[in-house]
């Protein structure tokens, strides 16, 4: 039998040093139980998958820790609803959170900030701005920056549909680090909504560092003089008509 003249071509390594690039392949043979919220709603999660994404779980499941021995992690400060949202993003990286974001135009809001469609369709849980902010702080606690960024992208894509209520401002400032990504977004989102008087009132209520951040953003928004707005640079007598 004649041998083929075709040569076997070895694939070049993607690594500049000649080694192969290793892609993370989680093991789905080992699971842990996560108890979320005060009610300790239980979730079964694959350990390798969540430890690869979450610095918190990586530490909690390290050898020698009680959680590692019991294979149980308790999250009393994370609601079961929000942890469920996190797991959706964890198991399906293509999940677009913005598809569930809402401006409440066709939804009703529950006490915990969650919303459901009320147009007669299926009860799909939607993500209000308040819930998204809590998702962001959940990602901060879980030390999962990929999740935080996905939440932030959702907020930015929908921020013109949201109403920034005082309790949301308070929640962000009380539960995030100064000048965190969420605080920077809040400063940018609030600046167009503030007048001189409201800014004066807020400077005595909000943290000084955050007020200064908003002030700096106000300076960034200054416009260069334009022909259409030249009237404000003119001198007028009291009985003169304004420029048109």
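All residue numbers here begin at 1 and follow the chain in the order shown.
Positions of Cβ are set from backbone N, Cα and C atoms, glycine also.
Nobody curates TrEMBL annotations by hand; they come from automatic prediction.
Quick look at what TrEMBL lists:
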type	residues	note
DOMAIN	29-99	domain 'BTB'
REGION	1-21	region 'Disordered'
Request  = Report the mean pLDDT of the predicted model across the domain 'BTB' (29-99), rounded to a whole number.
outcome  = 87
Inquiry  = Based on DSSP, tally up the residues of the domain 'BTB' (29-99) by helix, strand and coil.
reply    = 33 helix, 16 strand, 22 coil
